[in-house]
Amino acid sequence: MKDWLDEIHWNADGLVPAIAQDHETGRVLMMAWMNREALALTASENRAIYWSRSRGKLWRKGEESGHVQKLHELRLDCDADVVILMVEQVGGIACHTGRESCFYRVFENGAWKTIDPVLKDPDAIYEHAGHHHE
């Protein structure tokens, strides 16, 4: 029997784009990358675990900020090359800037305009971690 992970069309780097959406509102919270291990762990632990390309290691969402993403549903697109995680965003903040969503800028009159408020100062979110999160 074919492993469910084998059905995914991983890119040349062995990664797949992963979009996190609020399971109640449908709002897109963020996009990150997953390798095979990250996706397998996400499914088994029922929480979002991504692959940090900049750090070259697993990134357990919320491990520093406390803003864990609890998995409610996992979806695969028609080309099997993008996954969507329907999540409960603990703390209501997905972005390292302290906003609900990483998509807080809108294109308006030829420029990017910030429209979402900072819900919590990033320095306060990461003060115990001792460094800035990606």
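From the backbone N, Cα and C atoms, a Cβ is placed for every residue, glycine too.
The annotation Mg(2+) binding site is assigned in Swiss-Prot to Asp77, Asp79, Asp81 on the grounds of sequence analysis. Under the DSSP three-state reduction, Asp79 (Mg(2+) binding site) is assigned to coil, being neither helix nor strand.
Reduced to three states, the DSSP call for Cys95 (Zn(2+) binding site) is coil. The annotation Zn(2+) binding site is assigned in Swiss-Prot to Cys78, Cys95, Cys102.
Cβ neighbour count for Asp81 (Mg(2+) binding site): 13 (other Cβ atoms within 10 Å of its Cβ, all protein chains included).
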